[in-house]
Amino acid sequence: MMVKIQDSVYLVTGGGSGLGEATAKLLLTEGARVTIFSRNEYKNEFPHDQVLSVKGDVRSESDVKRALEATIQKFGKLDGVMHCAGVFQNGDELFNMDTQQPGDYTVLTDIVTTNLLGTFNVNRLAIPYFLTNQPDEEGQKGIIINCSSTSGHSPMSSAVAYSTSKAAIIGLSYALAKQLSTLGIRVMDIAPALCDTPMFRRAVGFNQDIANFRNLFPARLIQPIEYANAVKHIIETPMLNGSSYQLDGALRP
């Protein structure tokens, strides 16, 4: 039994660029109505009655509540959350091997609060909105797809806070899927490897040759549309629930 995307309503966090933008565009192309939640105002080419742009921070309870309420006011319901917002920063280390000094606490805190606490915040606030939905033929009332990473499965010593936050998202998604199963709500995470996104390019430095970074096979970076296609596949496949969907070109150890 395939879940229909057309006429469904989704909130996409981090929808202003990268994986989130590609996800929002694909869902809109498939006939969904989408609220794009981003730190920056998003300007789109889709009809006004199909898309809503809300500026805010996933760490802010009031911002997320405002986005959810705006979604209900405009579209009348919420069928799913595609949580793509996240950060990756240079200097992500608990201990600097060169200076023999502790890592920058501000950097570590920003990564963990955005990636992990932002995921907690969006997930917890969205759940009540699913409960008023009429269940489909499978009994589903809603779906959450979080964005983790291959580094959540195999941590990088050069990105300690990022890896830790992504591992926690994997655990959160599975635990939440089990808890919400009796309510008809699915929860998944997608664990991509190296992606060709503005965030990744900023992290490695625009002056470096991006071609030096690649997954095993295909030997290139993941394109955002490939992540979006994985989102579409998960939405349309009801039995995908409580697992980490690894999109990595065999890069994981």
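Positions of Cβ are set from backbone N, Cα and C atoms, glycine also.
Taken from Swiss-Prot, the feature active site, proton acceptor applies to TYR162, supported by sequence analysis. The NAD(+) binding site annotation in Swiss-Prot covers 12-40, ASP63, LYS166. According to Swiss-Prot, the feature substrate binding site maps to SER149.
DSSP assigns ASN40 (NAD(+) binding site) to coil, not to a helix or a strand. If you take the Cα of TYR162 (active site, proton acceptor) and the Cα of ALA24 (NAD(+) binding site), they are about 24 angstrom apart, rounded to a whole number. Distance between Cα atoms for ALA32 (NAD(+) binding site) and SER149 (substrate binding site): 26 Å, as a whole number. By a simple count of nearby Cβ atoms, those within 10 Å, the most crowded of the binding-site residues LEU28, ALA32 is ALA32.
When the binding-site residues VAL12, ALA24, ILE36 are compared by the number of other C-beta atoms lying within 10 angstroms of their own C-beta, ILE36 comes out lowest.
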